[in-house]
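See below for the structure under consideration.
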Amino acid sequence: MKLKTNIRHLHGSIRVPGDKSISHRSIIFGSLAEGETKVYDILRGEDVLSTMQVFRDLGVEIEDKDGVITIQGVGMAGLKAPQNALNMGNSGTSIRLISGVLAGADFEVEMFGDDSLSKRPMDRVTLPLKKMGVSISGQTERDLPPLRLKGTKNLRPIHYELPIASAQVKSALMFAALQAKGASVIIEKECTRNHTEDMLKQFGGHLSVDGKKIIVQGPQKLTGQKVVVPGDISSAAFWLVAGLIVPNSRLVLQNVGINETRTGIIDVIRAMGGKLEITEIDPVAKSATLIVESSDLKGTEICGALIPRLIDELPIIALLATQAQGVTVIKDAEELKVKETDRIQVVADALNSMGADITPTADGMIIKGKSALHGARVNTFGDHRIGMMTAIAALLVADGEVELDRAEAINTSYPSFFDDLESLIHG
């Protein structure tokens with residue numbers, strides 16, 4: 001796919017698609033609750049559609065009509081054995097969280113995904129689930145998909161310290177803990193996104209959170225709810241960066257989720273000197289309107305507890321850093337290596353091929369700015385965030401063309417991305 005290049009300004013206002021993390025969880029909680037759940041503004045990307053289909057395969061009635069998802073919950077013990085293996089597509093969130101959901105189901109399932117998912121380690125989830133009494137295994141010692149799982153009605157509670165900062169592992173264990181008899185204690189390495197905790201309370205569940213320690217008493221019952229999904233800050237991040245680095249630009253992003261566990265990119269933009277305004281804050285929905293303008297940027301250091309708050313935004317932050325004066329250092333981000341691709345290497349290769357100066361490290365990158373970008377051919381390797389990062393980088397290219405291979409990967413999280421880009425170019 002040939003990308004738009006040499007764009008002189010971006011203007012306009014858009015609503016980004018619904019938050020991917022909240023969309024996944026709304027389907028899961030709605031399915032496990034008793035009674036009806038209605039979900040508004042859900043993301044209809046490929047990953048979320050995979051989760052929706054999996055729960056249909058598990059016997060849950062889910063209707064998508066007039067822009068509203070209606071779920072007839074079956075309760076914590078109401079899932080049915082599927083006729084066939086469960087297809088998770090490209091979605092690491094789906095396979096990990098649903099492994100926890102099925103921990104208390106007394107039937108056997110196989111879960112598989114595409115080529116990319118089949119390279120992602122699941123031992124981070126399988127090891128603690130085995131401690132709870134689940135029979136679960138995959139391929140190689142890292143438990144790569146496909147996974148075979150047989151849950152148990154006699155699920156044991158767990159006391160577990162996460163060796164990595166992972167909201168997916170935490171959430172999988174919370175879903176399992178809801179079905180165990182007794183109190184489970186989950187201790188995070190660093191605080192990660194807390195959508196599962198927030199939504200558990202919304203659906204009538206109970207938990208105790210004390211810093212990095214989460215206690216879930218099981219078993220519990222949940223009750224169907226109305227869920228309004230805010231815009232995804234991970235999708236908004238591409239426009240935040242575009243508005244900062246494309247000259248003569250001003251972008252207004254409406255209804256963006258600003259959950260405090262997800263706003264690391266806002267901290268980074270401010271540390272780099274970017275012009276960013278937050279208005280129309282809704283404290284209940286945890287959403288706001290974000291306004292950015294073209295800015296002169298300076299390098300910064302991104303590390304430690306900040307990393308889990310922006311892990312998915314690091315590819316586009318790397319592009320932002322190529323347009324800042326000085327050096328930006330990203331470290332403590334080894335988790336990037338086991339995303340849809342090895343995002344440390346793939347980001348560095350993609351942007352360096354366009355003229356950036358990025359040195360990959362074991363746990364991050366060293367980025368020297370400011371770089372003039374030129375044309376190149378870039379492969380997403382099936383990673384949606386690499387595709388969108390490259391499309392934003394291409395806007396700065398004055399010399400040559402930018403070809404993007406496997407651009408369809410963007411449909412994973414943002415099917416209307418190129419439509420929104422066109423509207424901002426012509427705004």
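Keep in mind that glycine also has a Cβ here, set from the backbone N, Cα and C atoms.
Record features, source Swiss-Prot:
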type: ACT_SITE; residues: D312; note: active site, proton acceptor
type: BINDING; residues: K20, G92, R120, Q168, R343, R385; note: phosphoenolpyruvate binding site
type: BINDING; residues: K20, S21, R25, S166, Q168, D312, K339; note: 3-phosphoshikimate binding site
Annotated phosphoenolpyruvate contacts K20, G92, R120, Q168, R343, R385, maximal Cα-Cα distance (Å, integer):
19
Using a 10 Å radius around its CB, how many other CB atoms surround D312 (active site, proton acceptor)?
22
What does the structure give for the C-alpha distance between G92 (phosphoenolpyruvate binding site) and R25 (3-phosphoshikimate binding site)? Integer Å is fine.
13
Counting Cβ atoms within 10 Å of each candidate's own Cβ, which of the binding-site residues S21, S166, Q168 comes out highest?
S21
List, in sequence order, the same-chain residues at least six positions removed whose CB sits under 8 Å from that of K20 (phosphoenolpyruvate binding site)?
L43, G45, D47, V48, T93, D232, S234, S235, S413
By CA distance, which of the binding-site residues (S21, R25, S166, K339) lies nearest to R120 (phosphoenolpyruvate binding site)?
K339
Neighbour count, 10 Å Cβ-Cβ cut-off, for G92 (phosphoenolpyruvate binding site): what number do you get?
22
Would you count the other C-beta atoms found within 10 angstroms of the C-beta of R385 (phosphoenolpyruvate binding site) for me?
28
So which binding-site residues out of S21, R25, S166 end up within 10 angstroms of R385 (phosphoenolpyruvate binding site), measuring C-alpha to C-alpha?
none
Could you list the residues of the same chain, at least six apart in sequence, whose Cβ is under 8 A from the Cβ of K339 (3-phosphoshikimate binding site)?
G92, R120, D312, D383, R385
Determine the minimum-neighbour residue: among R25, R120, R343, listed as binding-site residues, which Cβ has the fewest other Cβ atoms within 10 angstroms?
R120
